[in-house]
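*Asks:* Mind looking over this structure? Questions follow.
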Amino acid sequence: MPIRIPDQLPASDVLREENIFIMPLSRASTQEIRPLRVLILNLMPKKIETETQFLRLLSNSPLQVDVELLRIDDRPSKNTPTEHLDNFYRQFEMVKGRNFDGLIITGAPLGLVQFEDVIYWDHLKTIMEWANKHVTSTLYVCWAAQAGLKLLYDLPKRTRKDKLSGVYNHEIHNPYHPILRGFDDTFLAPHSRYADFSQEYLAEHTDLDVLATSDVAGVYLAATKDKRNVFVTGHPEYDAHTLHNEYIRDLGEGMEPVIPINYYPNNNPDNKPVASWRSHGHLLFSNWLNYCVYQQTPYDLDHFSEDNFTKDD
């Protein structure tokens, strides 16, 4: 089944060119199907690029998904036209009275900023707390994972000396966990962060199920036992060129970034990078939608209750 997005959203043309089935709202409104309602809180600067990346992953599912885009506040954006934000993004006040099947909170380039210094930190905490009462399952990505762990477990920020950048090998820890269904024993995924997520630290301070780790990158995937909060510390949504663009950006700003690991053929930035994580990203999002959202959410979202959810043993 397709994703349902506004007819004029720029991502529509990009995804159609990739032969991805997009159903405009004008057509979807004529079908008697209860789609999953998924909200994306987009914290990334280049919002059009980011929304397209996440919509691509959400599209590869037999479930029909109705996607709405959320902005953190009404401050002007340096990288996204105001017209785009006004036309396609909602403010929190417009959605806080509703319930949603799923919420995705994207990463943000705030790895070296203390939580209390993030200009929208209090507002983000409000949204995360709201999600616990209004959303079946929330997916926290990269920086949002660190923010979510701070809110839910009061974990302090742990920062690496050098930025972690590249494509790393990961090992799954519980092949029978629903989120990992269909995963290979090892898989590749990109990272671009300063945050440090060690398996020992999470095991000591949380009751999370640690699902996948890397010897170099640490914990990649973890979830609460009721699957209502899922944490992804990397960027499965990244396009093949995203790490390259970040590397070139940092060079242009006078920084001395390390060449992303295991990314360029022969470790040469002059070579075109290859996306070796695409199938994993699609499977991760498909499993999240199916096992964490669809199989747990009530048919009537007006009957949403925290008591509806059970924890796996």
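Yeah, the Cβs are placed from backbone N, Cα and C, and that goes for glycine too.
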*Asks:* Out of SER192, SER214, SER279, which does Swiss-Prot tie to the same substrate site as LYS163, ARG249?
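*Replies:* Substrate site check in Swiss-Prot: besides LYS163, ARG249, the record includes SER192 out of SER192, SER214, SER279.
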*Asks:* Could you give the Cα-Cα distance between GLU237 (active site) and SER192 (substrate binding site), in whole Å?
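*Replies:* Distance between the two Cα atoms comes out at 12 Å.
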*Asks:* Count the other Cβ atoms sitting within 10 Å of the Cβ of SER192 (substrate binding site), across every protein chain shown.
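*Replies:* Within a 10 Å radius of the Cβ of SER192 (substrate binding site) lie 21 other Cβ atoms.
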*Asks:* Cβ atoms within 10 Å, counted per site: which of LYS163, HIS235, ARG249 has the most, among these recorded positions?
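*Replies:* Max Cβ neighbours within 10 Å, all protein chains included: HIS235.
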*Asks:* What is the number of other Cβ atoms found within 10 Å of the Cβ of GLU237 (active site)?
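*Replies:* Total other Cβ atoms inside 10 Å, all chains included: 27.
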